[in-house]
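Participant: Before anything else, here's the structure in question.
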């Protein structure tokens with residue numbers, strides 16, 4: 001009864017409160033939903049709120065705050081009074097027949113008033129059909145056993161060409177790096193040998209010619225060295241097997257026990273002395289030695305107190 005009276009009042013006051021106001025235009029595709037909020041005065045908190053659809057014969061109520069706000073079966077419009085002067089209306093699963101003009105109304109102390117008007121336009125599902133067609137074409141392309149290629153996507157051969165070129169470029173860079181490293185290592189080794197040869201040449205030229213003996217023979221360590229590398233070999237001292245040493249009296253003048261004969265000792269290996277000082281060679285004649293005047297030549301150090309050995 002109350003709703004009937006409200007509709008009658010709306011028929012009489014159709015233009016009151018909405019003169020000069022235009023409805024809000026909303027557009028939504030088929031199957032979507034809209035959410036509309038309406039503001040009312042705080043004095044109308046306990047008043048009845050209605051969401052209705054404007055028709056030529058009047059405003060048809062769709063949902064009201066006075067009834068159960070739970071969603072019944074088949075209902076696609078919901079009204080919620082949030083309090084504080086805010087009313088919220090939601091329409092879900094829109095269809096083409098839902099297009100039209102809607103409004104929020106409140107039955108307050110001043111009578112029925114329209115709070116907000118909405119003009120809803122439902123878009124046809126053309127875009128959705130095109131999207132569905134594109135999706136079905138993609139599914140058919142993937143499900144085709146013949147492997148029909150999509151013209152929008154490049155083939156597998158076209159995709160593999162950049163990968164092949166990238167691999168070739170990477171291999172070329174690696175080969176160039178290895179060759180450059182080998183050339184630098186060889187050049188560095190050649191420079192090192194040249195510096196060593198110049199150092200040895202300068203050292204040989206600075207030494208006393210009388211103290212240096214160059215041996216170039218077919219045997220010994222000098223034969224194993226290359227001809228382009230300068231080398232030095234000093235004469236080794238005479239062996240203890242010489243008859244000059246074996247004929248010397250080895251009795252100690254102080255009565256100490258004499259040392260064993262040198263011939264009983266193992267021969268010492270030749271010593272190679274590299275020294276920058278000149279070496280003095282002298283002939284020493286031991287008294288009481290070999291009557292035949294046998295002498296032995298060998299390297300001798302400088303005598304102490306600057307005394308020159310007799311010859």
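Placement of Cβ uses the backbone N, Cα and C atoms for every residue, glycine included.
Pulled from Swiss-Prot, these are the listed features:
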SIGNAL    1-15  signal peptide
DISULFID  38-104  disulfide bond
DISULFID  52-59  disulfide bond
TRANSMEM  163-183  transmembrane segment
TOPO_DOM  184-311  topological domain 'Cytoplasmic'
REGION    229-263  region 'Disordered'
MOTIF     279-284  motif 'ITIM'
REGION    287-311  region 'Disordered'
Participant: Would you count the other CB atoms within 10 A of the CB of residue 52 (disulfide bond), including those on all shown protein chains?
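Facilitator: Result for residue 52 (disulfide bond): 22 neighbouring Cβ atoms inside 10 Å.
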Participant: For the C-alpha pair, I'd like the distance in angstrom between residue 52 (disulfide bond) and residue 104 (disulfide bond), rounded off.
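Facilitator: So the alpha carbons of residue 52 (disulfide bond) and residue 104 (disulfide bond) sit roughly 7 Å from each other.
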Participant: Within the chain of residue 104 (disulfide bond), which residues six or more apart in sequence place their C-beta under 8 angstroms from its C-beta?
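Facilitator: 36, 38, 40, 49, 50, 51, 87, 89, 114, 115, 116 - these are the non-local Cβ neighbours of residue 104 (disulfide bond), listed in sequence order.
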